[in-house]
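Asks: Structure in structure tokens, see below.
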Amino acid sequence: MTTTLTLIRPDDWHLHVRDGAALAAVVPHTARQFARAIIMPNLRPPVTTAAQAVAYRERIAAAVPAGVDFTPLMTLYLTDNTPADEIVRAQAAGVVALKLYPAGATTNSDAGVTDVRKTYAALEAMQRAGMPLLVHGEVTDPAVDVFDREAVFIDQVMRPLRRDFPELKVVFEHITTQEAADYVAEADAHTAATITAHHLLYNRNAIFTGGLRPHYYCLPVLKREVHRLALVKAATSGSSKFFLGTDSAPHPAHLKEHAAACAGCYTALSAIELYAQAFDDAGALDKLEGFASLHGPDFYGLPRNSGTLTLRREPWQLPETLAFGDAQLKPLCGGETLDWRLLA
């Protein structure tokens with residue numbers, strides 16, 4: 001039995017860090033494990049310009065503990081009105097991607113895209129620049145069942161998008177279904193996907209076991225076991241199309257434990273340990289380094305990291321709560337025991 005595991009230092013290709021005091025509370029958790037992270041732009045107001053992204057990057061950098069090497073990779077929030085020349089400014093400022101949120105699909109997405117065709121000028125500029133598009137892949141039509149919105153998105157949005165922009169790099173973010181895993185596996189080399197730790201570890205029963213458990217509520221929502229197994233198969237396949245993206249999404253505990261609970265699981269505290277658990281459960285620890293450390297930078301055209309981190313098979317208990325500005329934050333699996341621990 002493997003007792004220690006050393007990996008090239010991984011990156012997180014999908015992360016929420018919020019802003020202000022909340023940002024200061026969570027950035028150190030990610031920086032301890034990951035060399036880089038793609039930062040989501042869904043603040044209030046959203047990060048829609050290169051200048052806003054640069055300012056946000058500076059605020060994140062200021063929260064990184066002294067002596068820790070961590071680089072935030074910035075994104076812009078795509079809207080119906082994003083001009084093509086903003087893509088040029090963004091690339092010049094070091095912004096690495098744009099994020100497409102269908103309007104109303106998730107947290108702070110009300111300023112998102114109402115019709116993908118309205119973004120075609122920006123997408124053409126991105127295709128020319130080689131800048132990836134990161135997609136929250138759910139339709140928002142209220143007539144479509146919440147558990148079917150990802151599968152419907154593939155036919156209604158992804159296929160036409162890929163047809164019209166065949167050279168555009170597209171990341172299908174936080175996939176949750178067998179349909180999405182199959183779609184990405186069968187697509188060309190310009191299409192990839194991120195997968196979260198919680199979608200690898202849990203199916204939708206986790207939300208309801210022993211009562212309603214809001215800290216397991218996220219968007220896209222957890223799905224049936226058949227879909228979880230398909231995600232595990234994809235993540236552990238060794239395919240370079242699939243890579244790590246936590247979608248760690250912190251919310252104050254009182255807004256999670258609420259009549260209208262916020263969507264999002266906070267996994268950044270123990271992200272790499274959770275992924276190690278999922279890969280260990282699948283008997284595929286040998287595939288974790290590719291998924292966590294290699295496939296993402298290769299797709300983005302960035303250098304692989306040179307440092308390493310080491311995990312040890314050592315049971316440890318996650319804290320139940322964390323400080324989060326003036327509030328508390330409850331990590332996923334808080335108070336529970338994990339089998340793998342990151343060595344300091």
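Cβ atoms are placed via backbone N, Cα and C, with glycine included.
Remember, predicted model here, so these are calculated numbers, not experimental data.
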Asks: Suppose a student reads Swiss-Prot and sees LYS99, HIS174 listed for Zn(2+) 2. Which of HIS136, HIS215 should they find annotated at that same site?
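Replies: Matched candidate out of HIS136, HIS215, per Swiss-Prot for Zn(2+) 2 with LYS99, HIS174: HIS136.
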Asks: Looking at substrate binding as recorded in Swiss-Prot, which candidate out of ALA55, ALA206, ALA263 goes with HIS16, VAL17, ARG18, ASN42, HIS136, LEU219, HIS251?
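Replies: Record check against Swiss-Prot: substrate site with HIS16, VAL17, ARG18, ASN42, HIS136, LEU219, HIS251, extra candidate from ALA55, ALA206, ALA263 is ALA263.
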Asks: Taking ASP247, ASP280, ASP281 as the options, which does Swiss-Prot list with HIS14, HIS16, LYS99 at the Zn(2+) 1 site?
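Replies: Matched candidate out of ASP247, ASP280, ASP281, per Swiss-Prot for Zn(2+) 1 with HIS14, HIS16, LYS99: ASP247.
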Asks: Roughly how many Å lie between the Cα atoms of VAL17 (substrate binding site) and LYS99 (Zn(2+) 1 binding site), rounded to a whole value?
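Replies: Computed Cα spacing between VAL17 (substrate binding site) and LYS99 (Zn(2+) 1 binding site) is 15 Å.
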Asks: Have a look at the binding-site residues HIS14, LYS99, HIS174 and say which one has the shortest Cα distance to LEU219 (substrate binding site).
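Replies: So, spelling it out, the nearest of the binding-site residues is HIS174.
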Asks: Could you name the residues, excluding LYS99, HIS136, HIS174, of the same chain that surround the Zn(2+) 2 site, i.e. Cβ within 8 Å of the Cβ centre of those residues, in sequence order?
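Replies: Going along the sequence, the neighbours come out as HIS14, MET40, LEU100, TYR101, THR106, LEU134, VAL135, GLY137, GLU173, ASP247.
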Asks: Counting other CB atoms within 10 A of each CB, which of the binding-site residues LEU219, ALA263 comes out lowest?
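Replies: Output over binding-site residues LEU219, ALA263: least Cβ neighbours within 10 Å is ALA263.
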Asks: List nothing but the largest Cα to Cα distance in Å, as a whole number, among the residues HIS16, VAL17, ARG18, ASN42, HIS136, LEU219, HIS251, ALA263 that the record says bind substrate.
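Replies: Across HIS16, VAL17, ARG18, ASN42, HIS136, LEU219, HIS251, ALA263, the two farthest Cα atoms sit 19 Å apart.
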